[in-house]
Every structure is written in structure tokens, then in C-alpha cells.
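Please read the structure below before turning to the comments.
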Amino acid sequence: MREIVHLQTGQCGNQIGAAFWQTISGEHGLDGSGVYNGSSDLQLERMNVYFNEASGNKYVPRAVLVDLEPGTMDAVRAGPFGQLFRPDNFVFGQSGAGNNWAKGHYTEGAELVDQVVDVVRREAEGCDCLQGFQITHSLGGGTGAGMGTLLISKIREEFPDRMMATFSVVPSPKVSDTVVEPYNATLSVHQLVEHSDETFCIDNEALYDICMRTLKLSNPSYGDLNHLVSAVMSGVTTCLRFPGQLNSDLRKLAVNMVPFPRLHFFMVGFAPLTSRGAHSFRAVSVPELTQQMFDPKNMMAASDFRNGRYLTCSAIFRGKVSMKEVEDQMRNIQSKNQTYFVEWIPNNIQTALCSIPPRGLKMSSTFIGNSTSIQELFKRVGDQFTAMFRRKAFLHWYTGEGMDEMEFTEAESNMNDLVSEYQQYQDASISEGEEEYLEEEEPLEHEE
């Protein structure tokens, strides 16, 4: 069956990854050590998308955990689901990348990468029909950004025809974890544009906003944020893991979502999001899910789609949902918000339906949008990059690891190109071709 091999790199990637495995294990009825004690055959039916069956009714995630320092992995191992993972699949160095992209991509990470690729190869050989890879990482640090992108390109070399999806935590507009974040992020985007098939952009600030505004948590922890991300990650692959009336998988998603190969950076959202106290006061219906999932406040990346237009979207519904109702709602959304959808891709919302809802909910929906407004995010990082790079601030950390300034310049211009490509398609309209045609004809009228 269509297996997915999961990689998590760096501190952020490992923490999101751990939350994801917790969510997935719950959905499939596994306890913290991978033993099945679920209630329904449906949970077992396609368990092998993410899990290998070992002896004694134990299931082992197809996950590879990577970091350049042992700290985060020790925490994962000590956590509630630490006994789930195969011990050989923890690959870590001792030195750390110290938020330095060059260390992750060229020096420290490069020493460790072959070891990781061996583990990935072994996982891939254990699959009947490997569908692709998913990787969780952040773009602002050293290991997740530098080594994460190195891994992506190595895996790309070895498995050129398999899907590569990344869940990438992009730098937030106002909150920055490290000063050199703009450098690391720009160098990473430079890699992702070329080597990833679909990148789901998530940022902490947007997640904080959702936690505070919608979930009414007064001081959200990273645990709360990661829980949100894991809900989306689970939603994206739900069709692979449970039966549904309208299936979707990583490849179908990419075919429907990526009109031009470089423009594969998606915004994601999840519904229903309600504060813990308000659960019992709301009935969740398809119109309400649709309303909420197209709400800018629900997007997990800090760019407002009202400033751009959707090239394509995908909506994945879970639970007992009527197909007709979903189609009506989608048509409704499209006709009401015509200005936010490009008119030169006529039916640009893809829907998928899966009959099994997530734990504790009657129905839910996952939203994935390819909006031109994501350029705001790249523009913001690009501006910060330019400000520092003009003065060559902090560059010695990177050149000291053997990087060339040229590479910075290339990454910068690649990101600027990406921004202007998004802008170009945002401004494009159906009638452009026709207008030129009319201009040629006009002079004839005046001669009469």
C-alpha cells in the first residue's frame, strides 16, 4: 500500500514530528509502545502507510529522527511515545549546528547525511509501493534548515520519482528566534524551490494567534502549537489511511495544487477550532466548517489571502459528511469570493472526503491553499535578508564553513524571482490574450 516515510530534523522538526506521531497513533488505536488496542478494523486496514508491523502485534513508525545534537531526541525518547520508534532510526551528531545553515548543509550535517540516507533507504526497502517522503523542519535554524534541505536533495537524487512533501516552519513576522533567521530561511527557500514537490508553510506567530484568539489559551506552549500542526499533517494524509468516497494522496494533491512547478508553497488551515469550554455549545456542520476553514484567522501562516488570489485550493473533509453538501458549499464559496480566485483556472477547488473523523470530533476539514499572497512571507524575509547582507553582517559564520558570498546572492535573487512570479500570476487575467488581439483590429475602424 502507499507508504510514506517520515523524516524529522532539528529541534523544531523533532518536536512537531513527535506531536504528529502522537496524533497518528491515537487515530490508529496504538498506545505509547506501538501495541494495537483499537476498536475498529478500519484503524488496521491501512496502518502500513505510516507503520511497519513488527512481531507481537506491535507497530513501528516509518520515521527517521535526525538532529546534530542529542538533546531533543533524548526528550522525544523520554516522552510518552518515545518507545514507539525504532532505536536504529535515531541518527544524531554531538556538535550541534548552532543556528548556522552552513554547518547543517556543508560541514556537520554533511558528515551525518550518509548515515541518514542509509536509514531512509532501509525504510524505503521495507515498503511495497513507496509513495513519497514527508519532512518536518524549521527554516530559521541550522539543522532543520541546513541539514533538512541537504537531506531533501540527497533523497531527491536517489528517489527522483517519489513525492517530497515538507512541513516547514517559516520565520514569523514579528517574533524571531535567532538573529540570522533571514539568512537561514532564504538559503532554505532557495533549496525548497528546486527540490520539494509541496511545501506546507507554517509559522509560529499565526499559530500563537489561533491559540490565543480562537482557542482562548492565555499563554500557549509549543506543545499547543505543535498539536495544531499535527492536526493538519494528519488531515493531509487522511485519505491514504482511511477509506473515503473521494480519495486524495500526496501526488493527486500536487497535481491539483501546483499550476507551475516553482509555486508549490501552500497555506494550511484546520477546522473546527473551538476553545475547550465551548465545544458543547456548537454543532459542527459543513457550512460552518467551510466558513471557518476559509477564514483568514484560521491560516497557519502569517499572510492574508485577501491581499492575493488563490491559484488553487484543496479541502479535505473527514467524518459523516454529505457529498452534495460539500460540493454546494464549495461552489458557494467560489461564487461569493470570486475576486479571491484566479479566473483562468476554472474549477480550482479540489475536494476529498474521508469517512473517519479525527478522535473526539464528528467531522473536520483540512484546508490547503496555493495563494499568491504567500509572497508576503518571502518578501518579508527577503527584506530582512537584504538589510543584513548589504552590510555583510554575520557572514563570517557562513564563509568560515566554506560558503561563498555568491551563494547568498543566488539565494536572494531566486527568492526575489519567486515573489515576482507570484505577483505576475496574481495580476494575470483571462482577457490578456484577447486585449492584444483587439488592439490590432482597432485602427481599421477609424479609416471608414
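Keep in mind that glycine also has a Cβ here, set from the backbone N, Cα and C atoms.
Just so it is clear, the model here is predicted, and its values are computed rather than measured.
According to Swiss-Prot, GLN11, GLU69, SER138, GLY142, THR143, GLY144, ASN226 bind GTP; the candidate from ASN48, ASN204, ASN247 that the record adds to this site is ASN204. Within the same chain, the residues at least 6 positions away from GLU69 (GTP binding site) whose Cβ sits under 8 Å from its Cβ are PHE92, GLY93, GLN94, SER95, GLY96, ALA97, THR143, listed in sequence order. DSSP gives GLU69 (GTP binding site) a coil state; it is part of no helix or strand. By a simple count of nearby Cβ atoms, those within 10 Å, the most crowded of the binding-site residues GLY142, GLY144 is GLY144. Classification of THR143 (GTP binding site) by DSSP places it within a helix. Overall, the recorded GTP-binding residues GLN11, GLU69, SER138, GLY142, THR143, GLY144, ASN204, ASN226 cover a maximum inter-Cα distance of 23 Å.
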